[in-house]
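According to Swiss-Prot, the protein has these features:
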BINDING   22, 52, 55  Fe cation 2 binding site
BINDING   22, 52, 55  Fe cation 1 binding site
COMPBIAS  148-158  compositional bias 'Gly residues'
REGION    92-158  region 'Disordered'
MOTIF     52-55  motif 'Di-iron-binding motif'
MOTIF     58-61  motif 'Di-iron-binding motif'
């Protein structure tokens, strides 16, 4: 689905698009690493994924600086049970028999048992539960090509 041209977007919208692309790229690099049988190639893709994670942190930092409403959401703590309270009514239970055992009930959400939590992470560790740290002091605030301050990439390095 094509969106508006980049020239029609404001800075916050551009950063959100970059953030979405960075997150997708992390998934791709990590999948490539898992699929590789060569340890050196696997390490290469893990290295690339780690760099993308730094970009995600930087993009979130920029969003927090530019969008006070978004920043308010990052600063808001999540209490245990927050996500369970927000769930819609459970879908109809589907009974799936096991090949050589009794039937058990699955609620249809990613094949999880009804008693299984959606994540094993504590609520305060979820993406929106922790504020993103600012970029490291010794690092460039922006590290992508022409955006990099002090040179790098093919841009002017202003």
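Every residue gets a Cβ built from N, Cα and C, even glycine.
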Filtered by Cβ under 8 Å and at least 6 apart in sequence, the residues in the chain of residue 22 (Fe cation 2 binding site) near it are 52, 55, 56, 59
Within 10 A of the CB of residue 55 (Fe cation 2 binding site), the number of other CB atoms across every chain shown is 19
Local Cβ density at residue 52 (Fe cation 2 binding site) - other Cβ atoms counted within 10 Å:
19
Non-site residues, in chain order, whose CB comes within 8 A of the mean position of the CB atoms of 22, 52, 55 at Fe cation 1:
18, 19, 21, 23, 25, 26, 51, 53, 54, 56, 59
Please work out the helix, strand and coil residue numbers for the motif 'Di-iron-binding motif' (52-55) from the DSSP assignment.
4 helix, 0 strand, 0 coil
